[in-house]
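K.L.:
Copied straight from Swiss-Prot:
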TRANSIT   1-66  transit peptide
BINDING   109, 135, 136, 184, 186, 224, 225, 253  pyruvate binding site
BINDING   135, 136, 184, 186, 224, 225, 253, 322  thiamine diphosphate binding site
BINDING   224, 253  Mg(2+) binding site
């Protein structure tokens, strides 16, 4: 059906030069003997890998894009990818409707346009593998198997939500699905993901709780803006030092709220930061689910074999503003139309039909099925009860100074403004 992928055939994570900057590449200097930690100890060889599988976004890129051929996918795999991406898109569109109708509160960040990244990575995971997300986490939860009705109920703040209504849009957790969060502040989730990967390695090597597939893998999702934070660099260092089974997935949608990625970092090619820590750095077209899947498969299998972490930069684009409160006035119309024409769902649909993996009517039936799933999720969330007042106190371990918190779950406070503020709780 298709030739071996450019990633697998040309690299296998071993290419020592970036396809996007081959003319500027200089081999790293050997480590001086004085850098050895112990007298007489030879420094360990460093893996210096930076590979661009494709490129589209960054200006000034003169390198030819990677071959368009995809690795073969079966009919079942293609339809699974399509269904998951359509679920993410339709679910997020419904979230926008419900938000503007006053059914959701606070900030709501949608994932439209980035579905190829979530689907391409998460659908390759086992149940025991972990996902750590950001504030843009609804679709990651859906891809990991959290039911749409549980995610929608959480967005509605209902007791039937995956966090019993206490997490909301930016804090999706599900213990049964090993979804370890949504984290509202950028970079917060990366140390959690690194810790989860350490726990997986400890279980495997120390407790001998191994699975036949190898190590459990953790995916850490974060955006381009996070890559200028200290936690990012600290965790890359620790993960490579201990060869942790983790994949760092950068969803580079080119904008950190209203700040262009090209104005926020000294080197906009994030994947090149991987080799600085001795781990592979890979760039992939995040608007193409099949290319993402190729790279994800190799990175996940590499982690599962105990060969350590990988940094993957997925260049993608969000089709809506930063949040539903963002009028999206800073991005140029021609930029938005360029990426709208590269819609990852439309591209996959075209591929499936051209490869005779399914008919258009079969794909329409999937879309109808997902419409029904999302409609049912809204009905379920709307009919679900609000959390009881006493639930607020379940995880409060001390009485805040100045307030009395009774065992009946009701606040008592001398300050009438506080009482007014919590009257509707």
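First residue shown is number 1, and so on along the chain.
Each residue, glycine too, has its Cβ placed from N, Cα and C.
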K.L.:
Translate the DSSP assignment of residue 109 (pyruvate binding site) into the three-state scheme.
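P.N.:
Reduced to three states, the DSSP call for residue 109 (pyruvate binding site) is coil.
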K.L.:
Around residue 186 (pyruvate binding site), how many other C-beta atoms are within 10 angstroms of its C-beta?
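P.N.:
The Cβ of residue 186 (pyruvate binding site) has 21 Cβ neighbours within 10 Å.
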K.L.:
Using only the residues recorded as binding pyruvate (109, 135, 136, 184, 186, 224, 225, 253), report the maximum Cα-Cα distance in Å, whole number please.
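P.N.:
Largest pairwise Cα separation, rounded: 17 Å.
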K.L.:
Hey, does DSSP put residue 225 (pyruvate binding site) in a helix, a strand, or just coil?
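P.N.:
For residue 225 (pyruvate binding site) - judged by DSSP and reduced to three states - the answer is helix.
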K.L.:
For a quick check of packing: other C-beta atoms within 10 Å of the C-beta of residue 322 (thiamine diphosphate binding site), how many?
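P.N.:
Cβ-Cβ neighbours of residue 322 (thiamine diphosphate binding site) within 10 Å number 21.
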K.L.:
Compute the C-alpha separation of residue 225 (pyruvate binding site) from residue 322 (thiamine diphosphate binding site), stating it in Å without decimals.
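P.N.:
So the alpha carbons of residue 225 (pyruvate binding site) and residue 322 (thiamine diphosphate binding site) sit roughly 12 Å from each other.
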K.L.:
Using residue 322 (thiamine diphosphate binding site) as the reference point, find which of the binding-site residues 109, 135, 184, 186, 224 has the shortest Cα-to-Cα distance to it.
P.N.:
109
